[in-house]
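As recorded in TrEMBL:
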- 1-10: compositional bias 'Polar residues' (COMPBIAS)
- 16-25: compositional bias 'Basic and acidic residues' (COMPBIAS)
- 422-474: domain 'PAC' (DOMAIN)
- 492-712: domain 'Histidine kinase' (DOMAIN)
- 735-849: domain 'Response regulatory' (DOMAIN)
- Asp784: 4-aspartylphosphate (MOD_RES)
- 1-25: region 'Disordered' (REGION)
Amino acid sequence: MLATTITGPQTIDPGGEGKEETPLSEKMFRQQKLLEILSHVYSDVAAHRNPVYAYENLLQCLLDLTDSEYGFTGAIRREQNMQPWLHSLAIANVTWSKEIQTYYHTQIAEGLNFTNCHTLFRDVINTGEAMISNTPATDEHSGAFPPGHPELHAFLGLPIIFNQQLLGVVELANKTGGYNTDIIAFLQPLLQAFGSIMYAAGKEKEYRNLENEHRELTIEWDILMTALDDIVFELNEQKIFTKAWCNQESLLFRPKEEVLGKTISELLGEHSTTFNRMADKLLITGEPQEFIYQDIRPNLQHWYELKMYLIKSRQSSSKRILLLIRNISTRERKHTGYVQSQSELRRSNQLLDISQQMGKMGGWEFNVITGEMYWTKEIYELREVPTDLPISFKASSSFYHPDDRPVFVAARDNLIHNKVTYDLELRHISAKGKETWVRTVGRPVTNNSGMLTHFRGIIMDITAQKDAELELVAARDSAQKAAQSRSEFLSIMSHEIRTPLNAIIGIAGILENNPSPEHTEVIQSLQFSANHLLGLINDILDFSKMEAGKIELENILFDPTELLQGIARNFQPLAKGRNIKLYTAIDNDLPKQILGDPVRLSQILHNLVNNAIKFTYEGAVCLEMHREDHHDGKCRLTFTVRDTGIGIAPEMHEKIFDTFVQEDSATTRNHGGTGLGLAITKKLVELYQGTISLESKKGEGTIFRFTINFHLPENQQQNTHKKSGYPPGFLQGMNLLVVEDNSINIRIIELQLKKSGAAITTAINGKQALHKLHEQQFDGIILDLHMPEMNGYETIPHIKKLQPNTFIIVLTADVMHEVPERLASLEVKDMLPKPYAADDLLHMLHKYAKKA
């Protein structure tokens with residue numbers, strides 16, 4: 001029977017003393033209700049459901065049977081000091097504040113913990129006895145309630161006990177009329193049965209947990225053993241193998257099924273005597289055993305380390321042996337390798353010493369923590385000081401040349417304060433005054449934590465290297481001066497040859513306008529010879545430009561048909577003089593205009609046609625142009641020059657495009673030339689990103705063919721300028737100043753402009769020109785660059801200042817690539833290279849006449 005504590009007046013239960021006996025049907029109903037509760041509880045426990053369900057069913061049934069308003073129940077838990085407290089698992093019909101309800105519903109799955117000792121239910125926990133309080137408001141055991149908690153008018157606390165152990169508590173509240181001991185007696189069997197079920201369930205759960213833990217430990221142990229590189233065996237006291245673990249079963253001496261159940265003697269062959277003796281000693285003394293042995297299998301050079309440990313059982317006196325076998329072949333090889341590496345290290349250090357001596361390089365180290373400075377012997381030798389000389393980090397600066405010392409000190413301080421590596425080449429002076437060049441390097445060294453521990457570096461004698469560098473610099477300067485001299489020579493040669501050529505071609509052009517019949521052939525020969533000489537000069541200058549990488553292609557509009565026909569017209573006199581025909585074959589559907597560099601294209605065709613005529617004694621030369629493709633704003637044209645001349649031997653086809661190459665020396669004597677024409681032609685075609693090919697047989701003529709892609713203008717209606725056909729007087733009213741030191745060239749300009757109507761004033765140098773500019777206003781100035789006293793470059797800034805709106809056209813025999821760049825810096829865009837055609841000058845002046 002449960003002991004009972006009663007405070008306050010006791011009510012009389014309807015089924016108790018002083019009242020009529022409870023009807024049998026109601027008793028039967030209540031007994032049936034108790035059985036249902038126990039059935040539900042047992043089902044929940046059997047299904048391993050959360051204990052909350054069992055406690056909820058119990059609480060709800062007790063509320064119904066006792067007509068209580070609300071209640072709660074839970075399991076007893078204990079602190080480490082065995083102090084009990086309630087872990088609630090079911091609460092019914094309690095309406096609290098919103099905050100407490102939220103907290104309760106959040107924690108209901110885990111349960112609520114009640115540890116307050118000053119409550120009625122706490123007395124039930126402390127005493128393990130049932131408690132009735134029908135006047136809780138005045139009961140000294142009653143504690144305070146949280147906000148929103150319903151009022152307590154009557155209290156019944158019931159302990160759940162099994163095997164004299166308090167397992168839980170039930171609190172019921174507010175039965176109308178209060179509670180009495182009959183209720184306790186009625187509910188006692190139920191609570192005892194509930195307690196026995198929950199006790200059994202707890203023990204079963206503990207057993208299941210132990211089983212799970214044992215299973216997990218076994219799995220973890222197997223995983224751990226299998227993960228080891230060792231082969232692990234377990235043997236019983238009879239030295240029989242009972243378990244085996246290995247991360248690769250192939251490492252076992254035999255398949256696992258052949259190992260288990262066998263004794264040491266059956267498995268380990270010639271080593272079994274040693275192993276049995278070790279196992280016996282282990283079983284007797286418990287001391288671990290170790291043994292290193294070699295693989296007994298043939299052709300296997302493996303070494304193993306065996307270790308034996310004793311495993312004692314807690315439940316019995318039986319003993320087990322844990323046997324670990326590790327393959328230490330790698331370790332043995334490493335040890336052998338270590339011995340060899342030590343020998344090699346000693347040899348390497350010896351070689352390093354020799355290398356440092358041969359390379360004149362030494363090392364140094366400064367310990368930041370201890371302040372210790374270390375030099376290798378090479379540095380002592382470089383600085384010519386004794387090895388017992390006291391040294392310091394900062395004193396090293398004294399060995400550098402006074403002019404270089406600040407550079408070293410700044411770099412060293414930057415290393416110390418900012419951990420910045422330095423790498424310098426400085427002059428070094430030894431203690432005995434020997435001056436050398438050194439490369440000095442210093443860098444910070446940190447440990448794994450990033451803390452600075454050392455500064456380390458090298459000092460290398462680079463005197464020989466520096467001398468070689470100085471020699472190379474001198475050689476480079478000499479080569480640059482030679483190149484400059486060559487450039488200046490070419491510039492002077494070009495100027496000196498072009499100036500008289502300008503006069504020859506200019507005079508021939510003037511005579512051509514009104515030739516007498518007997519002079520026509522002479523004038524044509526004169527023009528051809530002058531143009532031929534000009535071609536040779538241009539080849540030499542272009543080759544020089546190509547070597548310097550200074551040739552760039554223009555991208556201007558021109559008519560390809562007109563260009564081709566013009567080249568044919570220019571070579572007709574030469575072809576006629578050699579009694580051969582010169583034809584053209586041009587597609588009819590060629591674009592009227594294309595974008596490209598007409599000058600360079602003319603140069604390519606000029607070289608090819610000139611060669612074709614030169615090496616053809618009979619027959620014909622044909623100049624062809626065909627369209628290969630035409631789409632997406634591009635036009636692909638193929639140019640072909642055919643001749644029936646002497647042809648080129650097959651072995652010369654590749655070499656013919658090399659510089660200074662002709663087929664043989666007789667070619668040069670018979671036909672002249674520099675041997676640059678085809679080399680320049682090939683390079684110009686490649687500048688266009690085109691290709692040139694050759695077809696020829698000795699004595700059967702030659703075909704040169706090249707293909708170039710050109711861009712098409714967006715508006716094909718644009719027209720290129722016409723260089724001829726200007727009407728007389730088209731420059732009427734234009735006042736020009738011609739500044740030229742060569743009187744013949746002045747006369748040629750006057751004759752070329754005679755019919756144009758322009759007024760011409762002349763000056764022979766820049767100084768004279770400036771006097772003229774002070775005297776009158778000019779529309780334009782035709783200016784030579786190379787003049788005495790004041791040249792054209794010096795004159796241009798004065799012209800810009802005195803008459804800023806006057807245009808300038810430069811005529812120069814200097815066609816080196818620097819000239820346009822220098823003129824552009826002076827804001828002069830118009831330039832004609834001597835010798836020039838009269839039509840080119842007239843066209844340029846016509847441009848300004850239109851603006852006027």
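Placement of Cβ uses the backbone N, Cα and C atoms for every residue, glycine included.
Those TrEMBL annotations? Automatic predictions, nothing curated.
Mean predicted confidence for the domain 'PAC' (422-474): the pLDDT average there is 91. DSSP assigns Asp784 (4-aspartylphosphate) to a strand in the three-state reduction. Mapped onto DSSP classes, the domain 'PAC' (422-474) shows 12 helix, 30 strand, 11 coil. For the domain 'Response regulatory' (735-849), the DSSP counts in helix, strand and coil order read 54 helix, 25 strand, 36 coil.
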